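K.L.:
Reproduced below are the annotations present in TrEMBL:
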type	residues	note
ACT_SITE	1266	active site, proton acceptor
BINDING	47, 52, 55, 77	[2Fe-2S] cluster 1 binding site
BINDING	117, 120, 152, 154	[2Fe-2S] cluster 2 binding site
BINDING	263-270, 353-357, 366, 428	FAD binding site
BINDING	772, 803, 917, 1084	Mo-molybdopterin binding site
BINDING	919	substrate binding site
DOMAIN	8-95	domain '2Fe-2S ferredoxin-type'
DOMAIN	235-420	domain 'FAD-binding PCMH-type'
């Protein structure tokens, strides 16, 4: 206790063990403490800003006043270590491990196949674990709520939800109770009973959840909280001081002396500011132990809620109060509670305080408009005493500023009871339905006197319509004292439009959309008010049913995953074709799986931070590193001059510099790197480097600008079949159009990570890199260091997601890290922060597609001329190959007799774009399918009919001369229509659209024909090395990398079948260039095909060598055969090799065989769209995929679902935004939205096509990693279908533009509702837009 009196010792518990820290640095977060000090690396760094959930932990506190223990989930990346005094923290290691026992949550997520790359799994486990500690029998809603703040880029979430669903006790659902076929699967044929239908996992095998087995809260902390007098805690760090007072009086004095010092409770605002904006606060005051800030007091007029209460606590308080009072008194409570449930994620709400949320005064705050409209007020205190301040238009004075004086502290917030005749509502629209900052938010309150429709009082507040929360005062004046009727409201819309004006270049963009939302929200409020007036019998006319707006559906139902049994004669021990769990899933779920940055630090290890260009096109006039070198911990600065070998990397005849020396060609180009003793010191050193620039004229950002200046990466490609020009003369219709498609950030959960260790002799280096191409990285490092490749060994244990983004740029980063290791002769680690990664590493190519199509009255397309312009960025990367693949897929599933495609990679001053799952195909086919949609709209025919008329039939030949059979394409298409009950759903959607004015349903069904393997033939080879040890255990090495796709698991299955032994005897440690040399990248959906054949070849060699031994002792065991072979001097090690198919493409002749075979599929999607806000929900998705005979159905279905959701993100959600000077705005999960649990189709069914065979790949399987990503476009086209239904009500028919992604903004504006039509469009060229249209 004496140490505590000195005010400097932190005491808390982690996983039941006491931790004391005597000199805690206020800048240290729990995440860095866990990973770097305690070596608990299960908690992952994913974004550093509380936006991805990879670092989720459970925090528990004892409350002496109520003698209760609270458990809540929180983001360790935002939790300051200093805040944890007296807390008990549980990390994934404390929940369970393979060494002790695994917890049911870990087991179920793993065995339900909810862990692919596994990087997000510990966070998922912790979110669900915390939920179960608070609610051992949760409802499905609780689970989706708990997972709100956890992102996954691999699985598509469905298997995670299914694993967690087994904890639910839904109201007598047969599925939850483990009965036979579920009542929700009604449409499946009844004779197909549960026993006959193979399942991905058997829930009867799961460990039961036993709450009595959990870690207890440390009794020492209870005793301390009950008996120890609270002491002020003070911690001094390198740059910052932290004071945690214990009384309100002390807090007031502290704030009076230090008015500029921020108060930190949740650290959800100050934390990101310090981390991302470099803001330094010399003093931070943490009032978490000042009890006055957490008091709740009820009065006859309402409730005073302590400003320190977390948003979660406020929400549960309001939910408790709701049933205690008559409905008329709780209008404000209800509106606030509804809005609170959508602020941030659960992890954020658990720590963010009500007072903090008000005081940060965000312009697009969710809560402030509701609090202001609801007549709430705050009680503030300072040295000058207490006062009450109303939350109204005067409270918010400018961006992030309120009327309060710097020394004033908000103690509590008053939420009043509502009166009879009063109605309060809250509205919001956000880029993603959950865990997203709002685009526009609103709070509205109206008061009528008894029995009248005349408005007595009205408050309307908006967020997101300016630098502060704004009041629509003039609009309110136009309505007050008038009856609430159509005439009044029509006038009000016009007043509102004039009152809330946004300049066309307003920060945040989306100006027309934001303005239309203000009208839409008022209209929604109008409908609710009319409903209320009817209930009060003030008005008698019925509200038309078509006008009513119900919320979008949100309940996720169990889906179907249908695959074939293995053949009856297959041995039980043979795992091929069975849904085997990912071999590392349990380790991933327990946090024991080792990723690159989990490798323990070595003595003297240094950390590398990059310095990047802040200009898009400029000469470098100076590089001053002197200030950086003077900073504590900084060891050296690496520049281009330090590179001992090649300073450039050559690709396709172009050179890319490792580090810029004379000139920069994009914002984010790497110029130099700072190495220091810690991450924090390296980062500060990088910030201190000064670079001088001289801007060069006319940077190019868009494909139009590049085309105008003929700025291309050669070669430009063209392909043609038939005679397009002649065919256009003979058709009934000619239509021209264009389609613009944005890029897509990879957002792999593990950022670019590497560790280069000098061995210490003969210039030998070990490189531990998260890369898809170990050999490519090895070669690049050797070239940069000027040493032979045999001195560099590249090791890859596993990758936390890659999707094509860890090939080219990773090798460049590894070169820079290796140069630093060479120069300092120390191990050097480089792990990019999320924002850096997004800035530097490039994305999917944005594409502008232009097309001219000629077609007949019956829908047959006779000619198409298509031009593709890809935005390649500042270096060549793999852009020419992306253009090639675009042109090879311009036919998709359709036989267009006269077809021409042209493609160009435009050289611009944006960061270089690179490979991304699908490699140009999702862009290529999207333009084609949009063209088909236009044809359908011109003819007034359903799009699925136009697709069917033009699909390949019978023995077919592609536009580059490759023969194939489309039989399985048709089988997928027909089964998809049948399984989805397409015709009936179309009729039902039409009825729904007639019955609903402001909500529409849309349907779409799309096919895919995807070419598998590399057109560059040498990339199709693979090798393997298999060792059999004397005890019978087997070690397999191969050239492929494990990045979540289950490649190692499948290789284990292959070895198991070929050697006739169980998979448990086979181990795969890592991929390394010293075991298997000259490997090819794990890409192009070809990993299993190539490496599987190589592993099979090695195993067959070994099996044949053992044949004489087996003949001598046919009844012997595997172990006895191996021992005998060793004694007989038979080699128990073999290499395997597969040369791959000889593929080629001759672009001069426009013919070739670039693919080994095609993977086919079809996807149906139905969406429900809110036409007033553009929000949508995918109601149902059915996918039928032809993947031959699946080697592992659980892996393959996981790949299909994960790729589909990534496609859904690409086509409807994810937007990269660049400033007019070429800076990427969207550099983290708070600005860039990938799909979350809230985006999963409510009913998600996947069927693997039965009875399919493929002679071109191992065990008749097919590659599946990439093809189904394009199927996410079915959501886009379903939205477009719903938009068309909305437009038809305004008399708008025929083709209309809708670019990708079909965000709520684009969908809403395309609907052309009366409200969007009121918004005057800004004239392009008359203003400087906030963001470029890439």
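Note that Cβ sites are derived from N, Cα and C of the backbone, with glycine treated the same way.
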K.L.:
Which one, from the binding-site residues 52, 55, 77, 265, has the smallest tally of other C-beta atoms lying within 10 Å of its C-beta?
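P.N.:
Output over binding-site residues 52, 55, 77, 265: least Cβ neighbours within 10 Å is 265.
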K.L.:
Could you tell me which of these binding-site residues, 267, 269, 353, 357, 772, has the fewest other Cβ atoms within 10 Å of its Cβ?
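P.N.:
Per-residue Cβ counts within 10 Å for the binding-site residues 267, 269, 353, 357, 772 bottom out at 269.
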K.L.:
Can you tell me the CA-to-CA distance separating the residue listed as 'substrate binding site' and residue 52 ([2Fe-2S] cluster 1 binding site), as a whole number of Å?
P.N.:
26
K.L.:
With the [2Fe-2S] cluster 1 site defined by 47, 52, 55, 77, which remaining residues of that chain have Cβ atoms positioned within 8 Å of the Cβ centroid?
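P.N.:
Sorted by sequence, the hits are 31, 44, 45, 46, 48, 49, 50, 51, 53, 54, 75, 76, 123, 834, 1229.
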K.L.:
Between the Cα atoms of residue 267 (FAD binding site) and residue 77 ([2Fe-2S] cluster 1 binding site), find the distance and write it as a whole number of Å.
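P.N.:
Given the Cα positions, residue 267 (FAD binding site) is 10 Å from residue 77 ([2Fe-2S] cluster 1 binding site).
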K.L.:
What residues, ordered by sequence, lie under 8 A Cβ-to-Cβ from residue 917 (Mo-molybdopterin binding site) and sit at least six positions away in the same chain?
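P.N.:
Residues satisfying the criterion: 803, 804, 1203, 1206, 1265, 1266, 1269.
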K.L.:
Based on Cα coordinates, which of the following binding-site residues are within 10 Å of residue 52 ([2Fe-2S] cluster 1 binding site): 117, 152, 263, 269, 772?
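P.N.:
Of 117, 152, 263, 269, 772, within range: 152.
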K.L.:
Can you tell which of 803, 919 has the least company, meaning the fewest other C-beta atoms within 10 angstroms of its C-beta, among these binding-site residues?
P.N.:
919
K.L.:
Does anything in the same chain, at least 6 positions from residue 154 ([2Fe-2S] cluster 2 binding site), have a Cβ under 8 Å from its Cβ, and if so what?
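P.N.:
Listed in sequence order: 116, 117, 120, 749, 801, 1044, 1198, 1202.
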K.L.:
In the domain '2Fe-2S ferredoxin-type' (8-95), how many residues does DSSP assign to helix, to strand and to coil?
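P.N.:
When I sort the residues of the domain '2Fe-2S ferredoxin-type' (8-95) into the three classes, I find 16 helix, 31 strand, 41 coil.
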K.L.:
Neighbour count, 10 Å Cβ-Cβ cut-off, for residue 152 ([2Fe-2S] cluster 2 binding site): what number do you get?
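P.N.:
The answer is 31.
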K.L.:
Just how many other Cβ atoms lie inside 10 Å of the Cβ on residue 263 (FAD binding site)?
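P.N.:
Its Cβ has 23 other Cβ atoms within 10 Å.
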K.L.:
Taking each of 265, 353, 355, 428, 772 in turn, which of these binding-site residues have a Cα lying within 10 angstroms of the Cα of residue 77 ([2Fe-2S] cluster 1 binding site)?
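P.N.:
So the list reads none.
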K.L.:
Need one number for the Mo-molybdopterin-binding residues 772, 803, 917, 1084: the maximum pairwise CA distance in Å, whole number please.
P.N.:
12
K.L.:
By CA-CA distance, flag whichever of 55, 152, 1084 among the binding-site residues is nearest to residue 263 (FAD binding site).
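P.N.:
Its closest listed neighbour, by Cα, is 55.
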K.L.:
Expressed to the nearest Å, what is the distance separating residue 353 (FAD binding site) and residue 772 (Mo-molybdopterin binding site) at their Cα atoms?
P.N.:
43
